[in-house]
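J.: What follows is a single structure, and I will ask about it in a moment.
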Amino acid sequence: MVNTQNEDGSGNHSWGCLRNLVRRKQVDSSNGKTETHHHQQLAKALTFPHLIAIGVGSTIGAGVYILVGTVAREHSGPALAFSFLIAGISAALSAFCYAELSSRFPSAGSAYHYSYICIGEGVAWLIGWALILEYTIGGSTVARGISPNLAMIFGGEDCLPTILARHQIPGLDIVVDPCAAVLVFIVTGLLCLGVKESTFAQGIVTTANVFVMLFVIVVGSYLCFKTGWVGYELPTGYFPYGVDGMLTGSATVFFAYIGFDSVSSMAEEVKNPQRDLPLGIGLSLMLCCLLYMMVSVVIVGLVPYYAMDPDTPISSAFASHGIQWAAYLITLGAVMALCSVLMGSILPQPRILMAMARDGLLPSFFSNVNQRTQVPINGTITTGVCVAVLAFFMDVSQLAGMVSVGTLVAFTMVAISVLIVRYVPPDEKTHPVTSSSSSKQPLLCKADASIVDKENAQGGWVLNKENRRKLAGWSIMFTCTGNFLLSYAASSFLLPGLLRYSLCGVGGLLLLVGLIVLSCIDQDDARHSFGHSGGFICPFVPLLPIVCILINMYLLVNLGAATWARVSVWLFIGVLVYIFYGRRNSSLVNAVYVSSAHVQEIRRTSGHSLA
């Protein structure tokens, strides 16, 4: 048993501070009795069609209308569809992990919630803090990109009404965008009406966007058959930049798939999370991958890759075949896509703030749920105001790389959490110690001691189980360390050759050893009762999560020093907030941990003693 409040002396105080970082909250479970959390619940209003609307709407942005030209010209050539396929498969690895954890732990908070249960408070705080940055900057970037596309529908860059058009502040190098701020406020107001109403609106906008993409696929295919698929009849072949170019293109378009994590953030509002969350995540990702690939096949067939317009590849491809009016329809699709992604960017953040406030890591202001609409109204309004102000004053496109950090770190921790759930699920429960009961704490210790004696009397079974859990824990650490060393060495071309190859060898060896050990030992039996049962089970464990960790770490290492410098500033601010507020106000600050197998016996012993 561990009492987090027992911090007498400087040594114990230091150990207590470190212990705070690894304390884990209790999982809500459908198996047996659990602790009751006295907080307001969100409305159970969503089914898997709503989740598909959220997933597709948050994923398919204007990037598909622009990204295909840049990637085809610079990286993949006619193999663009294969780049999208490989990126989709890579994203599916993370989606499998999200599907299992979201159905096991169907509560608001997404990766923050899973990390808090499986890894600890310190990592969970950093994940939540990084996700706040991701959704804020992501929403501002999307909002800032709507006005130029909206202006194209009205006839050109200067055709928006003066009150909505961009203006430069005299004497300052700042271009304000009133249209972006207005759209953010509209979306925020819509989200405040209720999750079912806002999801219905997002579904309508997403459906319009999908119909535009279907128009591109159907009409484009007709033109391709009519002209003989000229984009594929090239002397350079199908891979003009080689397989390496295609893989580089896959890494570039990988971020076109990251919207499915918005689905998991809605877990608490789903009527049947064990069934609907995996379906929503899987079907939305599959639909997005199919649309991306079909659009890629058609556009490359219409125009040779080297002749594509990098800014408007789809509309210019249709214009080259004499269909000028299609540019307006495609621009409308881009506006619809951006509006849907804007809604998908703002929607999850109030849930993250609410989950962190419930755990005491942020002020309780963010945990308030409106009684009528059953949405976290304070967090939604705060998020909308922050995104609107940022979008109004700043062009944050140069900060877009910071969005990728939050996403990839969350993906990595979710994959690690799957390994922990399968091999070393937490076997302790938390019990708050109040001032009235703290004097009775030695009785708990006495009961726990007797239980330990009973454990020892059981013989070698307990010892073997503990050894297996320790071996699994070390193996998970080895695989994570090996993945990092391998990713870093493979990306650091400036390192001396001997050092680089040595790091690759050490990383590969650690990764291989960890994978072999985890593959040979049995998964923990407690996984069947840890969290809610009957949901999706991630296949090919431990291989799938380990490959997922490797891909995400490789992408993280390759984000660049400038991006990491900016993110480090934000994370440092987060560390200060945690030290001076979150650590002291955490709901686990008065927690005592005991083995879950002995909870009932301790309760009985404590009850008799108190009586």
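Keep in mind that glycine also has a Cβ here, set from the backbone N, Cα and C atoms.
Annotation source TrEMBL lists transmembrane segment at 48-68, 80-99, 111-132, 174-195, 207-232, 238-260, 325-347, 375-393, 471-493, 499-521, 533-557, 563-581 (among others). Per TrEMBL, domain 'Cationic amino acid transporter C-terminal' is recorded for 536-586.
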J.: Please work out which recorded stretch in 111-132, 207-232, 375-393, 533-557 has the most C-beta pairs separated by under 8 angstroms from the transmembrane segment (471-493)?
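T.: The stretch with the most close Cβ contacts to the transmembrane segment (471-493) is 533-557.
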J.: Please identify the stretch among 80-99, 207-232, 499-521, 563-581 with the greatest number of Cβ pairs below 8 Å relative to the transmembrane segment (48-68).
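T.: That would be 207-232.
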J.: Cβ pairs under 8 Å only, please: of the recorded stretches 80-99, 207-232, 238-260, 375-393, 499-521, which one is richest in them relative to the transmembrane segment (325-347)?
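T.: Ranking 80-99, 207-232, 238-260, 375-393, 499-521 by Cβ pairs under 8 Å to the transmembrane segment (325-347) puts 207-232 first.
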J.: Take the transmembrane segment (80-99) and find every residue of the same chain, 6 or more past its ends, with a Cβ under 8 Å from one of its Cβ atoms.
T.: 68, 71-72, 246-247, 249-254, 256-258, 260-261, 263-264, 277-278, 281-282, 285, 288-289, 292-293, 296-297, 299-300, 305, 411, 414-415, 417-418, 536, 538-539, 544-545, 547-548, 551-552
J.: Using a Cβ-Cβ cut-off of under 8 Å, list the residues of the same chain that are 6+ residues beyond the ends of the transmembrane segment (563-581) and lie near it.
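T.: Same-chain residues near the transmembrane segment (563-581) but 6 or more away: 122, 125-126, 129-130, 133, 361-363, 399, 401-402, 404-405.
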J.: Sort out the residues at least 6 away from either end of the transmembrane segment (111-132), same chain, that have Cβ-Cβ distances under 8 Å to it, and list them.
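T.: Residues 20-27, 101, 105, 261, 264, 348-349, 352-353, 355-356, 359, 361, 405-406, 409-411, 413-414, 416-417, 420-421, 425-426, 531, 567, 570-571, 574, 577-578, 582, 586, 588 contact the transmembrane segment (111-132) from elsewhere in the chain.
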J.: By DSSP assignment, list the helix, strand and coil residue numbers for the domain 'Cationic amino acid transporter C-terminal' (536-586), in that order.
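T.: Summed over the domain 'Cationic amino acid transporter C-terminal' (536-586), the classes give 40 helix, 0 strand, 11 coil.
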